[in-house]
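A short worksheet on the structure shown next.
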């Protein structure tokens, strides 16, 4: 079993690996970003207990965990090109509700109200079957070692990288929650129709930066899809006005109205990035500049008068490297919101139910 991070003293060898990793980050990223990462690592004035997590957490107990997860993801991508975006979204929605603890994966029981049925997730959040396959594959190799929360964190990084985005070394050592928080999911997860002010308040509530983190993480909408129901009010009755959202590019508006007619099927999917929907790149920000952000929450970043997010959008649109560097930092920050570590929580054997529940030890090995 992994060592308790709260009791583990960093050995000389581990310290050498930390500094070796820091040198790798220095070479891969802008020096400012690398320095910020180092501050994060050693628990600087940033949210969460970063010092309790480490990229080497499973080196001695499940060294191939990332390779195993990547293999399952690559297989899933062959039949589902948007699965990477869906898994990244699961990690995001998990972290915004009581921290990155795998609570979004829990099903309903007599004592647990699943977050899957919260408004932001119901009939929307997806990829749970792929997470099951990842968990089963990991359990086959390393029984009872890797948490579901860490699987989500690794899957998000692999998804971004495989879509052409940046790569980073994920800090690991999270444990899984013993319960879920549906009401928290309803109130804490940013919604697609919210104003910039509300988005900022939700990011601040979990300790994230309300400008750089907000814009960088919103950039994950550079791949994936959204249902018509998430933006149809912009097309016909924005804020109860009886008219479309005035910030919508008129040509784009016409295309969206054809895709999502009034009274039509609101489960129809639209590309979040109309130019490169399955590639992780900076085109999302260029779309905002031409008023072609799909969701209101996207366009708010650029169209809110006087907002401090506008200059960041402009920078990321013209400098994809800057976006990638900021995205890495923000994902590391978000991925380490209030982790359960040490003896808190548990290592679930089945991501859908807590251990010692009926059927919790019935791993989904048949799906591999």
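The backbone N, Cα and C atoms fix where each Cβ goes, glycine too.
Because TrEMBL annotations are produced automatically, they should be read as predictions rather than curated entries.
Some features that TrEMBL has for this protein:
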- 52-355: domain 'Plant heme peroxidase family profile' (DOMAIN)
- 62-142: disulfide bond (DISULFID)
- 93: active site, proton acceptor (ACT_SITE)
- 94, 97, 99, 101, 103, 115: Ca(2+) 1 binding site (BINDING)
- 95-100: disulfide bond (DISULFID)
- 148-351: disulfide bond (DISULFID)
- 190: substrate binding site (BINDING)
- 221: heme b binding site (BINDING)
- 222, 273, 276, 281: Ca(2+) 2 binding site (BINDING)
- 228-260: disulfide bond (DISULFID)
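Only 103, of the recorded positions 93, 99, 103, 228, 260, have a C-alpha within 10 angstroms of the C-alpha of residue 351 (disulfide bond). Between the listed binding-site residues, namely 101, 273, 281, the fewest other CB atoms within 10 angstroms of a CB are found at 281.
Residues 93, 95, 96, 98, 100, 102, 104, 177, 180, 181, 184, 185 surround the recorded Ca(2+) 1 site, their Cβ atoms falling within 8 Å of the Cβ centroid of 94, 97, 99, 101, 103, 115, which are themselves excluded. Neighbour counts were taken at the CB atom with a 10 A radius for the disulfide-bonded residues 100, 228, 260; the maximum falls on 100. Residue 222 (Ca(2+) 2 binding site) sits 20 Å from residue 95 (disulfide bond), counting Cα to Cα. Long-range C-beta contacts of residue 148 (disulfide bond), restricted to its own chain and to partners at least six residues apart, with a cutoff below 8 Å, comprise 102, 105, 131, 135, 176, 348, 351. Listed in sequence order, 206, 334, 335, 337 are the same-chain residues at least 6 apart in sequence whose CB falls under 8 Å from the CB of residue 95 (disulfide bond).
Counting other CB atoms no more than 10 Å from each candidate's CB, the recorded positions 62, 97, 142, 351 peak at 97.
Spacing of residue 142 (disulfide bond) relative to residue 101 (Ca(2+) 1 binding site) is 20 Å (Cα to Cα, whole number). When the recorded positions 97, 99, 115, 221, 260 are ranked by how far their Cα is from the Cα of residue 281 (Ca(2+) 2 binding site), 221 comes first.
Counting every protein chain shown, the number of other Cβ atoms lying within 10 Å of the Cβ of residue 222 (Ca(2+) 2 binding site) is 29.
Checking the recorded positions (93, 94, 273) against residue 100 (disulfide bond) with a 10 Å Cα-Cα cut-off leaves 93, 94. What surrounds the Ca(2+) 2 site, by Cβ distance within 8 Å of the Cβ centroid and not counting 222, 273, 276, 281, is the set 223, 275, 277, 279, 280, 282, 283, 284 from the same chain.
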